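As structure tokens, the structure follows; a few thoughts come after it.
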Amino acid sequence: MELDNYIYKAIVHAHDSGMSKDEILETTIANLPDSLHDNAIAIIDNLDFNNEQNERDFNNLSELFNYIFYLVNQNKNDEAILNQLSNSCNLEQFEFAKYALRYININRIPSAWELDNVHSELVKLDIDELIKKCETIKNFAYKEVAYRIILQHLYRAFCDNKPIKWFIDIARSTTDETIIKYCDRAAVMISKAQGVEPIEALESAKTDIEQPNITTSESGKLIVDTLAEFKIAAEYIDAQCGPTFNRIKIKLGKGVSFKKIQDFGNDFVQQLGDTLNMDTPPMVSVVPGGAAIDVPRRYREIVYFKDYADFSSPIDIHNIVIPGGVGVDGKYVDIPLSDENVTHILGGGRTRGGKSQFEKAAILYLARRYPPSVVQLALSDVKRVTFSKFSKLPHLIAPVAKDAESSAKLFSLLVEHMEARYREFEKVGVETIAEFNRKHYPDLIMTRIATWADECFDLLTDKVHCDFIELDMMKLLAKAGGAGIHIMLYTQRPDKNVINPLIRSNFPAKTAFATTRPEDSCIILGDDNTLAANLLGYGDFLYKTSTKIVRLQALYVGDAEEPEYFEKLLEEAINQEDIYNAWQPKDIEEFSHSENINSSHKDDKAKFDHSFGFEIKLDDESKNSILNLCRRNYRVDEIVKAIFNISRYDGKSYKKYRTVVENFLSSQGCEEDDI
């Protein structure tokens, strides 16, 4: 890989010296062996040979963002990019540019070639150098590479019988919570092998680096005393110790409003941060009989999936659950998808919030716990990495969707399943899947379908497919729960303009992981609830239904640390016995590519006809698409939008297309109410 770096630097130098693309390509091919041609050509293709001027005008911030992304992909450093933009941007644009550059540096998905280069550099470092380097890495993908190499170091140390103290010293040398968690996990495994209680072993090894232990009652007294300094009367009631935080319960004095301490978090950090290990404002909430202040534990307990996942008890096909987490009282809470207060789940949170681990734990549990006749899965993974390990499961109703186009087809298929189920309900005289299964079990059961869309922001902002996805999603959220089809929608980037209020309001349950901004918390939880901004990350989350909101620590699967256990469960899920007879829909149609995307030739044809006033004639493909969308209860305006990319805002053109569609549907015998 050193040779690759040398080639890269030589090509960039030639580019910066003014050589043309053809000149560089010719020289490169002539002087390098065949085995290196592909990498060299990839480097050349990524360079900018357009000689764009330093100064340019930006019509909007979106255009500016895309240009910055382009410059980053040209391997220009931050300083060069900002220097170039300083000549083109006004003050507001330049401030946005700095923020956008930081965002892109963190979230950009590097190429395989870039990842290989980073890996080759990091793998040369010893553990101490690697940890220091990891702390400086911004990009999440590069960080994942560093974490994998660190895990390899720790695993070798574990196999070499390094003492617990060695792992604690490594944790002590860094502020990176992921590395600290890895070291704690190794220490726990060693302590178990030695027959020592894990917590005792960890605490014993850490005594030389801890500040004096403070009991929960002492913490409560400190909090009450601090409030008194601000003229707020309160008394300490009691405390609970959870895996992630300790909940201090206080009783406010008579006449003291909760609002006085609701936004007191920053003052707690200022006054008690060092003493109580508070780096961020603690969550302050109302509980029966008082107020609660959640103080982070100095050393968190990891809640392992293997310790709570139940695969041995008899299956209850009427009560399908996914793992939730452990509460502050130490009790495990699962999430019942079949409960009418859950049905669909909206969730999200920032990077390192624990969202992906939660999703993987839920999918792994469903696949291992229930056979395909009881639970099926529909997975959308536009990041292509979160659900990749589940691609061979027999529970899948379709291959894992890896882009917006295939996700649109997947949601379309789910709508068809939903409509087929309601036709069956009408036929047998029931209203919901619960009634159907109670009536026919054990002779016949209707399978529940659990759907996960890992990054809905990318789906709902896709220029081509977002309208199709949004329409199908709204149909599913309105009716699919009763038919046993459950939608779990997750995102790292909650945006009120992307996830519209109609969609958000149709999710009975929410799982909010740590968010970057209070506004993001409000979008996920609703009701102007900003509590998720005070969560601690790494699986600390809020589970909200129409009847309750609880703070839980999600189960940790550890697929990177214990791949053998993860693969074992997957293998068992694939090979498990299926004794149930599942109802099969007989009228699910396979939809063509044209129904799921707005192909460019249709768009061009619509614009051409509109410009010259030609008569609109429907080809066979358009006719079939219109009929299929009508059968799925699309309105005429939705059909016109989906097939021709024309909306009511297009005036006379829209009316013309609407009339054509209405006339065609009438000619096919569709009732006026259907249209």
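A Cβ is built for glycine as well, from the same backbone N, Cα and C atoms used for every other residue.
According to TrEMBL, the protein carries these features:
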BINDING   G349, R350, T351, R352, G353, G354, K355, S356  ATP binding site
DOMAIN    330-522  domain 'FtsK'
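Among the binding-site residues T351, S356, the residue whose Cβ has the fewest other Cβ atoms within 10 Å is T351.
Per-residue confidence over the domain 'FtsK' (330-522) averages out at a pLDDT of 93. R350 (ATP binding site) has a Cβ environment of 20 other Cβ atoms inside 10 Å.
Neighbouring residues of the recorded ATP site, listed in sequence order and excluding G349, R350, T351, R352, G353, G354, K355, S356, comprise Q492, F513, A514, G537, Y538 (Cβ within 8 Å of the Cβ centroid).
Secondary structure from DSSP puts G354 (ATP binding site) in coil.
The number of other Cβ atoms within 10 Å of the Cβ belonging to R352 (ATP binding site), over all protein chains shown, comes to 17.
Of all the binding-site residues listed (G349, G353, G354, K355), G349 sits in the most crowded Cβ setting, with the most other Cβ atoms within 10 Å.
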